[in-house]
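Below: the structure, in structure tokens.
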Amino acid sequence: MQFIDHAEIEVIAGKGGDGIVAFRREKYVPAGGPAGGNGGWGGSVIFRAEENLQTLLDFRYARTFKAQDGERGGPNNCTGASGEDLIVDVPCGTVIYDRETDEEIGDLVFHGQIFCVAKGGKGGLGNKHFLSNKNRAPEYALPGLEGEIKQLRLELKLLAEVGIIGLPNAGKSTLISALSAARPKIGAYPFTTLIPNLGVVKRPTGDGTVFADIPGLIEGAHQGVGLGHEFLRHIERTKVLVHLVDLNAEDPIKNYETIQGELEAYGRGLPELPQIIALNKLDAGDHEFADFITEELRRLTDAKILTISAVSRTGLEQLLQEIWDVLDYLKEISRNEAPETSVMDLESLHIADE
């Protein structure tokens, strides 16, 4: 399936039904009286997070989403039926922006979480509403209000706890393949990976942790050079970064500094994320040189530094243990800081007529 992580769409909520002019004409009600009902609410457009969706591909083919209009009022003070809400499923991790203001208006993270992106119009008032002492037989009613129309931009930010970063050909895809059941395309040339790859790594407790191999980080990535600007946002939600450095590269220290510079330039919390530096390709490198690079890096960072080989799986157990330790520590300090969440009732999106 093609991986699409951004889309632009239009959403149109339903128009409220018109109120009507009607009068009672029963034989046993000689005085008659206004009896025109109100129009029903227009349907709203509601996004719902769905854990089984992994891409915004569907939004490349359907770009306009319209909810049902409300029905007009009926005689005998009958309110028209409300239009049916349009429920649109999106992947968990979808961020919703208003294209006209560039404002973030919604962020759907949890399965089943919903967000109303366009509210249906209120139904118009029937002539019964305008009955007064001065006007006993009003012959006018109000039309329903138009529903909201919005131009939206959708961005998918992957929900992975661990992000694997590094320059092209550092061995990121090989590492995620060695750690999980993911089978990304692997090759000995830059930009083999053109989309983020996800893999689930089992912990000793049996729980699964999602790892993401982020492609395309080169110098200037934060400005859109290479593929970086498209994919840097996918590590915004990660809790820890594994920074892979190729020991066989011409200048591993410079490569490390390049990626760190891109994280600093991009911002949005990425420089503050905990990091574990993994010096990769130890199987093809010089152990003394690896020790030298380790000491040089210790002058630049306080992050944990390990030497590994994704190909021979050397050092991977230690790497995983370091990752689990960081995640456990973060979980412990945030246990009492998690915000309360609640499930919104779809019916609560409509305000009752007063």
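Just so you know, the numbers here start at 1 and follow the chain as drawn.
Glycine is no exception: its Cβ is also placed from the backbone N, Cα and C atoms.
According to Swiss-Prot, the protein carries these features:
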DOMAIN    1-159  domain 'Obg'
DOMAIN    160-328  domain 'OBG-type G'
BINDING   166-173, 191-195, 213-216, 280-283, 309-311  GTP binding site
BINDING   Ser173, Thr193  Mg(2+) binding site
Name the secondary structure element type, per DSSP in three states, that contains Ser309 (GTP binding site). strand
Near the Cβ of Asn169 (GTP binding site), how many other Cβ atoms are there if near means within 10 Å? 19
Within 10 Å of its Cβ, which one of these binding-site residues (Lys172, Lys281) has the largest number of other Cβ atoms? Lys172
From the Cα of Pro215 (GTP binding site) across to the Cα of Ser173 (Mg(2+) binding site), what is the distance in angstrom? 9
